[in-house]
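Below is one structure, written out as structure tokens; comments come after it.
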Amino acid sequence: MRRRGPAPPVPPSPGVSSYPESRCRRDDPHWGQDPDPPGCQHPCPDAYDTDRGRRGTDTGDNGAVKRRLQLTLVAVIAALLSLVCLVPAVLTLVSLPLTLLWVGIPLLIGSTWVGRRLLDAHRYGAGYVLGREVARPYRSQAQHRGFFVVVRAVLTDEATWRDLLWVGVNVTAGLVVTLLPVVFLVGALAAVLLPVLALTPWRPPAAPWWALGWIGWLIAVGLLAAWWATTPPLVRSWAAMAAGLLGPSRTSVLSSRVAQLTSSRAESVDSAAQEISRIERDLHDGVQVHLVSLGLTIGLAEELIDADPAQARQYLAEAQSSVTATLQDLRRLVHGIHPPVLADRGLVGAVRALALDLPLDVAVRASGFGADEAARLPTPVEACAYFVISEALANVVKHSGAAHGEILLELAPGVLRAVVRDDGRGGAHPVPGNGLAGMRSRLAAFDGTLTLTSPPGGPTLVTMEMPCEPLSPKTTPSSGRG
């Protein structure tokens, strides 16, 4: 029973998702990315499906027609953009020799900037067709200052030359691939409308209109069949080419991964050093002081045990109080390293206990932990997730002004996801050195990520993801303590 706030929400009925409604709304950070949870009554309309397009659209014949029309529209836009992208590509090539005369430097930077923005539209279209995001492969230029440094960064970036290669491929083979569905569809419509010429005043005087009508309909059927059969594979082949050349290469992905691991390792080392310093400081300023005081008090009691037994008993009572304070400090210290409640109840139970101690109503929902929520994770993973959720809840209490909160714990194959949501004022943003930096540092040690979504007016969502696998029953830590 909750100690503060309204009563906790009633558990969902069988067959109804235990996910919060926001799980299926745009304000959820995973909206449109993951499959709908079983029984979800608010399907995510923008989760892609490669075979039948966007989920949530009509199925059957209507859905298939709609999907092909959408792909045809993508093909039209791609064909137009392939011609538009020629302009910055040509300007980039022209500016290369002119950079030796300085006059080409602004032209190179400007044409590259415009070209990359246009190619972002290609990436978006390819991602729409393939059902996955095509990431930008460019190196960050935030640390570059000066024209020559920027030019060097642009010219040494592999993605720049892959962009130029894509423009060449797209304006030749890509243009043919994207125009074919358009030609088939427009040709079919023209063939269907061909007999309408009989009603116009400028029709030829001796045309066999009845024969022309039958021929037009036959041609239309053939072109529509070609459009129906070839549009999905043609547009998907264009999208695959775009993703292959405009997305990150394997080399850049590996380089980025190495840089990320190097950074996370350094952060983990710093975090471990800070944690050790904190433990040393807590032992020195807390436990050590109590132990020294305890020794002095017992020594005084020993000296007075014969001469003044009453005073000795008073000193022993003080020593007993000092022992109690020392035990409390040790419990706080152990809780900061690995809370005992994690060993007793597991992650879900520990988070529920944590939510009960807050001055606002917080609902905890779990999915994927089994019927009795007894699934256990590796001890370091549970501790990391617990402390990150604890820090997020502390931020909710201190800064959000929220009256209600919600915690979603989801254990999917290979990944643990936790979402902390509140109905506060919103407008939160990460600041170097604040609690979010520490949370990201904790997660980085486990190759995890942290996402903050906090529009003005709320709601605020803090989403944590980290790879993990549940322990087998043989390796599950014992819940008992001696």
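Any Cβ shown, glycine's included, is placed from N, Cα and C.
TrEMBL entries are annotated by machine, without manual review.
Sequence annotations record features per position, and here TrEMBL assigns compositional bias 'Pro residues' to 1-14. Per TrEMBL, domain 'Putative sensor' is recorded for 77-246. Here TrEMBL flags 387-468 as domain 'Histidine kinase/HSP90-like ATPase'. Taken from TrEMBL, the feature region 'Disordered' covers 1-62, 463-482. The transmembrane segment feature in TrEMBL is assigned to 71-90, 96-114, 164-197, 209-229.
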Long-range Cβ neighbours of the transmembrane segment (71-90) (under 8 Å; 6 or more residues past either end): 111-112, 114-115, 118-119, 121-122, 125, 128-129, 163-164, 167-168, 170-171, 174-175, 178-179, 181-182, 185, 227, 231-232, 234-235, 238
Cβ-Cβ under 8 Å with the transmembrane segment (164-197): same-chain residues at least 6 beyond its ends: 68, 71-72, 75-76, 78-79, 82-83, 85-86, 89, 92-93, 115, 119, 122, 203, 207, 209, 212-213, 215-217, 219-221, 223-224, 226-227, 230-231, 234-235, 237-238, 241-242, 245-246
Composition by DSSP (helix, strand, coil) of residues within the domain 'Histidine kinase/HSP90-like ATPase' (387-468): 24 helix, 32 strand, 26 coil
Within-chain partners of the transmembrane segment (96-114) [C-beta distance under 8 Å, separation at least 6 from its ends]: 88-89, 147-148, 150-151, 154, 160
